[in-house]
Every structure is written in structure tokens, then in C-alpha cells.
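Single-structure report; data block below.
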Amino acid sequence: MAKAKFERNKPHCNIGTIGHVDHGKTSLTAAITKVLAETSGGATFTAYDQIDKAPEEKARGITISTAHVEYETQNRHYAHVDCPGHADYVKNMITGAAQMDGAILVVSAADGPMPQTREHILLARQVGVPALVVFLNKCDMVDDPELLELVELEVRELLSKYDFPGDDIPIVRGSALCALENKSPELGAEAILKLMAEVDKYIPQPERPVDQPFLMPIEDVFSISGRGTVVTGRVERGIVKVGDEVEIVGIRPTVKTTVTGIEMFRKLLDQGQAGDNVGVLLRGTKREDVERGQVVCKPGSVKPHTKFKAEAYILTKEEGGRHTPFFTNYRPQFYFRTTDVTGVVTLPEGTEMVMPGDNISVDVQLIVPIAMEEKLRFAIREGGRTVGAGVVASIIE
């Protein structure tokens, strides 16, 4: 049967399932597709084993296994990611390979919160996942309502500990297995529909890139005789129009200038928008005043910084990373958007070294400022070879 084409007339949202191994993330993903396929036709049922053998993808030089399913509710169209292994989650969330606008935290009612439950909540906080909804799975295995209350309380405390609004986050009780096997509808299909209603309501609709303030990383600089300097790149977000005042940020002191022309495929345009590869002509800017690695942006929308806290994943030897651990004062290059900048890594108190395969929170001090904000992704490199990936968790200065 041919794949039905999804009508893109509903707002789009990216979500994923997170939580401890074997708590039922993949079963829940399968159950959502099954229930929506049967009730509203908003999905194609994708069985557990189809999701579980997820294809490998490369993101920022790192191989990650991720399964993607899509479905829609009355209100929204969703792209949903599910990862087979814990390491895949860590890599996925840190590289932003699958951007999450929100996530469903799956907790087994029979086991309660476990180490990876905690770790995924912390990661979600560090990489800036805006909102979580909880699915308390395997409720068919728990007869004692007081035990369910207790697990729910534990989950709320854990969420609050990592700065999520634990008291307000919706928690839906159910059983993905019941939904897949058409048993006890109140724990099965009905619980799944209730969960999706909460996801619709509680996870905020993300702002589209085109509605955000203009930013374009500079990839190349040319001078065109008699016309001035052209910077080229792919517009990351927002819209730029001829006549707009912009700032050039990063590496050097910030300068203001005006856009006097925009071209794409050798044609002149009135504006460029998120996703376009364009050349932007800048008034009165000399070729030697701008360089790859800077950004052109809406004035005041992004500032240059040198010091930040990051959440990073360090590649294993098998993934092409380092063969040995590193220590505090490690000096690799940090690849932001289009360029490498050297930086010094400070490990947290009590951490002696970082092994390949670890994920860790570190402080980084760059030797030159880069236009940055929270959630910005980067690669960690040594001589052009990727040895890790990271995300800016917070800016220090």
C-alpha cells in the first residue's frame, strides 16, 4: 500500500520518548501509532520490532541509531523519535540530531524512577527540552493504588529537583502493552488518547525558525568591485530584507552595517529567509573586516561570549574518537557553526578525568568570542577530527 501523504495543514511539533531501559519507550511509541491509526486515521501503525531496529544515521560525525515515526492528533502533526540504546539518547540529545520541542518521559510503575530516568531528565534540562509529559507505564502490573501514588510522587520530586515544574507536569497512567494487545481499554487505548491530549495541551507550540530574529553564519566572504563586500551562508533563522540594519558578531568587536543587496542563485531578491542559501551585500564593509565563523544577525539579538557551561559527549575509540582519557585544562578546538575556535576545558570538582564514551558537564573558556546562546550545538575536534559533541547549557560570560 502506498504511503498516505500527510497534509501539512496542522502545526508541526517534534517530540520523543525518553526514560530508563525496558520501561516501555518503544512499546509506547508503537502503541501511539496503533491507537491513532485506529481511532482517527492520524497514523500508520508501526510495530515494536520495526521501531526497535532503527537505522543508523550520522550527525556531526557521530553515528546514532534513531527511529522516526510520524502521526497526527486533532490539533498537530508530530515527528516522534525513539532510540534503541541509552548511548543513542545521550548522543541524540547532545548533538540535537533530532530536535525535541518536548518529550514523553516513560516510567515503569512497577519499578519507579531508575538511574537513566534521572539521567534523561537531567539531559533534557541541560540541552533545553522545553517541556515533559509523563507516561506511567505498566500500570496493569501494579494492583496497589497506594504504590502508584508513591511512584508518581517520586517522579514529581525528581522532576522538581532538575528544575522542571514537577507539581504541574501531567502524569498519565496506563499500559502500552494493553493498548497493543487490545486489553483493558482504560489502561490501554483510552490512556494513550489521554496522553496525546496532554501532549497537545502541555507541550508548547515551537516558534517557527522564520519567525525568530534573523541570523546567518558566515561561510565565505567575497569582494565585488564597485559593489562592496558579500558574505554568503545559509540563513539559520528569521528573515533579512534589503535596507535592514544588521550586526556582525563574533571573533572581533561587533560592528553594525546595512544590507544593500541580497542574491540567491545569481538572482537579486528583496529578502532571504530561514533555510535559504544567500549572498548578502554589506554597506561600507571591507573584505578584511569580516571572516568565516562570524554571524550576521538582527542587532542585539545575539551576543559574543567566551565562557560557558556545556554538556558534552566524548566519542569512543570505535566511533573514531580519542583512545585515551583527557584531564582538566584539555585544549581542543570547538567547532561552532562554520569554524573552529580553541578553548580550555575545566572539569567539575571531583572529576579527575574524562574517558572516551562519557557524557559530562564542563566549563569551557574560548580564546576568542563567538556569537552564542543557550542550546547552541558544537563539535569538539582535534586537528579536524571530531572527538566529541556538545551543547551550550548556560553562558558564564
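A Cβ is built for glycine as well, from the same backbone N, Cα and C atoms used for every other residue.
Record note: among 19-26, 283-290, 19-26 is the stretch given as region 'G1' by Swiss-Prot. Listed ranges 41-45, 46-50, 51-55, 61-65; the one Swiss-Prot annotates as region 'G2' is 61-65. The stretch that Swiss-Prot tags with region 'G3', taken from the ranges 82-85, 234-237, 350-353, 374-377, is 82-85. Residues 23-24, 27-28, 106-111, 148, 173-178, 183-184, 187, 191 of the same chain, all 6+ positions outside the region 'G4' (137-140), place their C-beta atoms under 8 angstroms from a C-beta of that stretch. Only Cys83, of the binding-site residues Cys83, His86, Cys139, have a C-alpha within 10 angstroms of the C-alpha of Thr26 (Mg(2+) binding site).
Secondary structure at Gly19 (GTP binding site), as computed by DSSP, is strand. The average pLDDT computed for the domain 'tr-type G' (10-207) is 93.
Of the listed binding-site residues, namely Thr26, Cys83, His86, the sparsest CB environment within 10 A is found at His86.
Around Lys25 (GTP binding site), a 10 Å sphere centred on its CB holds 26 further CB atoms from the protein chains shown. For Asp22 (GTP binding site), other Cβ atoms within 10 Å of its Cβ number 13.
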